[in-house]
Structures are given as C-alpha cells and as structure tokens.
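Enquirer: Residues or ranges marked as active site, charge relay system by Swiss-Prot on the basis of similarity to another entry: Tyr106, Glu148. The annotation heme b binding site is assigned in Swiss-Prot to His96 on the grounds of sequence analysis. Feature annotation from Swiss-Prot assigns FAD binding site to Tyr196, Arg214, Glu215, Tyr216, Ser217, Phe382, Phe383, Gly384, Pro385. Residues or ranges marked as NADP(+) binding site by Swiss-Prot: Gly277, Ile278, Gly279, Ile280, Thr281, Pro282. Residues or ranges marked as domain 'Globin' in Swiss-Prot: 12-149. Here Swiss-Prot flags 158-263 as domain 'FAD-binding FR-type', drawing on sequence analysis. What Swiss-Prot records for Ser2 is N-acetylserine. Taken from Swiss-Prot, the feature region 'Reductase' applies to 157-390. The annotation site 'Involved in heme-bound ligand stabilization and O-O bond activation' is assigned in Swiss-Prot to Tyr40 on the grounds of similarity to another entry. Positions annotated as site 'Influences the redox potential of the prosthetic heme and FAD groups' by Swiss-Prot, on the basis of similarity to another entry: Lys95, Glu381.
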Amino acid sequence: MSAAKQLFKIVPLTPTEINFLQSLAPVVKEHGVTVTSTMYKYMFQTYPEVRSYFNMTNQKTGRQPKVLAFSLYQYILHLNDLTPISGFVNQIVLKHCGLGIKPDQYPVVGESLVQAFKMVLGEAADEHFVEVFKKAYGNLAQTLIDAEASVYKTLAWEEFKDFRVTKLVKEAEDVTSVYLTPVDGFKLKPIIPGEYISFRWDIHNPDITDIQPREYSISQDVKENEYRISVRDIGIVSDYINKKLQVGDIVPVHAPVGTMKYDSISKKGKVAVLAGGIGITPMIPIIEHALKDGKDVELYYSNRSYQSEPFREFFSNLEKENNGKFKLNNYISAENQKLQVKDLEHINPDEYDVYLLGPVAYMHEFKTYLVGKGVSDLKMEFFGPTDPDC
C-alpha cells in the first residue's frame with residue numbers, strides 16, 4: 001500500500017476550541033450512545049456500501065455504538081494529548097487494518113456523525129459546534145489514516161485473499177476448528193502468537209444479504225501452509241461455520257494483525273494464562289511458544305461444562321509431555337468450580353508475564369485484581385469491539 005492518503009489537513013485546535021469541546025464532554029457522555037446509534041442508522045441508509053465492514057450483530061446488541069461513543073468521549077477528554085489513550089487508539093488502528101478499512105471511508109463517518117449530532121442535540125449543534133467538531137474529527141481521522149498506512153505496509157498481503165477450507169474438526173459440542181489455505185498457493189509465514197485474521201462471510205441466508213465481517217484468533221501456528229481458527233457456535237455467522245461450512249468452500253481472509261501478542265523478548269521465566277471459554281484460542285500458540293522458550297507455563301482454564309471444553313485432550317497431553325513445565329488448572333462452572341483470586345495470589349509481577357482473555361465480566365474481575373497486584377503489563381484483548389467496560 002502506498003503512503004498515507006491526505007484527506008484531512010491536521011490543524012491544531014486553539015485553546016479556545018479545546019475548551020469549547022471539552023465543556024461539552026458531559027453532554028457527549030450522557031447522549032453519546034444516542035448520537036452514535038443515530039449515526040450508524042443514518043450512515044447505513046445513506047451509504048449502504050459501508051455496511052459490509054460492520055458486524056450487524058454488534059449493531060443490534062448496541063456494542064458498536066457504545067464503543068464509538070466511548071471513543072468520542074475519550075478523544076474529547078484528551079484533545080491536548082492522546083498519549084493516555086494510545087493503547088486504545090492502537091487497538092482501533094489494528095482493528096481497522098484487519099477489516100481493510102480505507103481512508104475514503106473516514107469522510108463518510110465524519111459527515112454521518114455531524115448529521116447525528118444535529119438530529120440529537122438540535123440547536124446545540126450550531127454552526128460553531130459543527131465547525132470545531134469537523135476540525136477535531138479531521139485531525140483524529142488523519143492521525144488514524146497515517147497510523148493505518150504504517151500498519152498496512154507491514155502486513156503479509158493487501159486486501160482480502162481467497163482461502164479454501166481444507167479440514168473441519170469438532171473440538172467440543174459447540175466448537176469447530178476450521179483449517180484454511182490460500183487458493184493461490186501463497187506461502188504463509190509463521191504467525192506471531194496471539195494474532196487474529198479477518199473474514200468476509202457470505203452465509204447464504206435470504207434474510208441476511210450483507211457480507212458479514214468477523215475476526216477469529218489463529219489457534220495454532222502455521223502448519224502445512226494452513227491457518228486454523230476455532231469457532232464457538234454463539235451467533236449467526238458462527239452457527240453457519242459450525243453447521244453449514246464445508247471442506248472446499250472459499251472465504252476471503254485478511255492478513256493477520258493483533259494486539260495481544262506473545263512477548264518473545266521478555267526475560268521473565270514464568271507465564272500465567274487466564275482463559276475463559278473460547279478465549280483459549282489465541283492462547284494455544286502463546287503457550288506453545290512460551291514452552292519452546294523454556295518458560296514455566298500455568299494455564300487457568302474456565303469452561304461452562306466438560307462438553308463445552310475445547311482442546312481438553314490437547315492440554316492433557318501437553319501437560320504430560322512437558323515434565324512439570326506446563327501446569328493445567330481446570331475450572332468447570334457446572335461442577336461449581338470457579339477461578340478465584342486466591343488461586344492467583346502467588347503470581348509475582350516481577351517473575352510472570354500474564355495473558356488474559358474471556359467474557360467481559362471475567363476479564364473485568366481479573367484485570368482489576370491483577371493490575372491492583374502490580375501487573376502493569378497485562379496482556380489482553382477483546383473479542384468483538386474494543387470494550388470500554390474492561
């Protein structure tokens with residue numbers, strides 16, 4: 001991909017303009033979700049061509065509007081310096097790159113946001129507000145465009161590439177692993193453990209005509225020029241994958257990206273992995289690489305039931321093969337087993353790298369505990385939109 005496209009001129013806001021926008025922060029906090037929900041409705045009606053870049057399930061549940069509202073609020077609070085939210089911004093950049101977001105889509109979002117503010121705030125969204133907001137939005141949009149251009153240059157390929165399904169394996173009663181290889185024979189490079197790939201699914205449903213974008217973690221390193229994803233049946237697309245996808249089917253795949261990557265240069269000798277349910281998928285290559293690096297690995301693995309627990313045999317064998325270097329701690333909710341913070345009391349932040357992924361409530365509980373314990377470099381990500389609740 002070429003150099004970043006310059007669609008917006010970055011013009012620093014004046015102190016007066018910053019104060020004006022920040023004075024509206026309480027309004028954005030209170031009405032932000034209404035604004036963003038209105039924005040998406042307007043945008044999808046006015047610019048239907050962008051629908052295929054958005055997960056419509058996240059629209060229906062309100063997760064995507066909530067995340068965008070949170071993003072706008074945080075941007076307004078940090079107009080002087082984005083450094084405190086740089087991690088959050090980086091997750092957005094990588095998400096956009098994984099989905100193949102293009103610079104030309106930013107003016108569409110900007111115009112739709114302006115219209116939504118006018119509809120929701122009425123006279124409060126006057127000419128002065130619109131002028132200052134457009135300036136601030138343009139600065140943010142071009143910053144993201146520049147950052148995304150830098151990421152695109154590092155990816156293994158541009159755009160989406162057709163992959164063929166080579167194998168389907170049932171890992172649990174509601175989890176299927178999908179093995180895929182490039183149709184054109186492209187040689188896949190080893191992944192960085194923790195990366196995910198984005199898909200564009202046509203699920204052949206007469207009631208759902210839009211292409212459905214989804215991201216799934218790569219659940220093992222590249223073998224035989226194949227990626228593997230492992231998908232739990234919890235939604236429209238995942239139901240299609242588990243029940244209707246067939247060997248030989250073709251699906252477009254974007255190059256891997258990721259925020260929760262294995263830290264291969266860490267000098268710490270121990271790794272603790274906390275995984276809830278299907279959050280185990282990116283942890284598998286992370287665990288394997290940590291063991292190859294000679295680290296002691298502890299897995300705290302929570303599932304609803306034995307029937308819903310994927311990779312049970314794999315982890316059991318891994319424990320046997322590694323002579324005490326890998327310790328598996330299983331927690332099954334149906335058996336009244338639950339990971340407790342007391343199970344993690346021994347974790348010394350100076351000795352352990354810690355990885356965390358699972359349902360939002362699970363992540364919130366253990367993130368709060370681990371950060372309070374002094375784990376300053378906790379490695380985690382979110383399935384779905386970057387969640388402001390965690």
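Placed from the backbone N, Cα and C atoms, the Cβ positions cover glycine too.
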Enquirer: Just to confirm my parser: what is the rounded mean pLDDT across the domain 'Globin' (12-149)?
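Expert: Within the domain 'Globin' (12-149), the model's average pLDDT equals 94.
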Enquirer: What recorded positions among Tyr40, Ser217, Gly279, Thr281 are found with a C-alpha within 10 angstroms of that of Tyr106 (active site, charge relay system)?
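Expert: Taking Tyr40, Ser217, Gly279, Thr281 one by one, none has a Cα falling within 10 Å of Tyr106 (active site, charge relay system).
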Enquirer: Compare the Cα of Ile280 (NADP(+) binding site) against each of the recorded positions Tyr40, Lys95, His96, Glu148, Tyr196 and report the nearest.
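Expert: Result for Ile280 (NADP(+) binding site): the nearest of the recorded positions is Tyr196.
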Enquirer: Relative to the Cα of Ser217 (FAD binding site), which of the recorded positions Tyr40, Lys95, His96, Gly277, Gly279 have a Cα no more than 10 Å away?
Expert: Gly279
Enquirer: Pick from Gly277, Gly279, Pro282: which of these binding-site residues has the biggest number of other Cβ atoms within 10 Å of its Cβ?
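Expert: Compared across Gly277, Gly279, Pro282, the most Cβ atoms within 10 Å surround Pro282.
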Enquirer: Calculate the distance in Å between the alpha carbons (Cα) of Ile278 (NADP(+) binding site) and Tyr196 (FAD binding site), and round it to a whole number.
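Expert: Computed Cα spacing between Ile278 (NADP(+) binding site) and Tyr196 (FAD binding site) is 13 Å.
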Enquirer: Sort out the sequence-distant neighbours of Glu381 (site 'Influences the redox potential of the prosthetic heme and FAD groups') for me: same chain, 6+ apart, CB within less than 8 Å of its CB, listed by position.
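Expert: Set apart from Glu381 (site 'Influences the redox potential of the prosthetic heme and FAD groups') by at least 6 residues yet with Cβ under 8 Å, we have Gln91, Gly194, Gly258, Thr259, Met260, Pro282, Leu357.
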Enquirer: Please report the three-state DSSP label of Thr281 (NADP(+) binding site).
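Expert: DSSP assigns Thr281 (NADP(+) binding site) to coil.
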Enquirer: Please report the number of other Cβ atoms within 10 Å of the Cβ of Lys95 (site 'Influences the redox potential of the prosthetic heme and FAD groups').
Expert: 22
Enquirer: Rounded to a whole angstrom, what is the C-alpha distance between Thr281 (NADP(+) binding site) and Tyr196 (FAD binding site)?
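Expert: Rounded to the nearest whole number, the Cα-Cα distance is 10 Å.
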Enquirer: Select one residue from Glu148, Glu215: among these recorded positions, choose the one with the most other Cβ atoms within 10 Å of its Cβ.
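Expert: Most Cβ neighbours within 10 Å: Glu148.
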Enquirer: Given the binding-site residues His96, Tyr196, Gly279, which lie within 10 A of Glu148 (active site, charge relay system) by CA-CA distance?
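Expert: Taking His96, Tyr196, Gly279 one by one, the ones whose Cα falls within 10 Å of Glu148 (active site, charge relay system) are His96.
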Enquirer: Inside 10 Å of the Cβ of Tyr196 (FAD binding site), count up the other Cβ atoms and send me the figure.
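Expert: The answer is 26.
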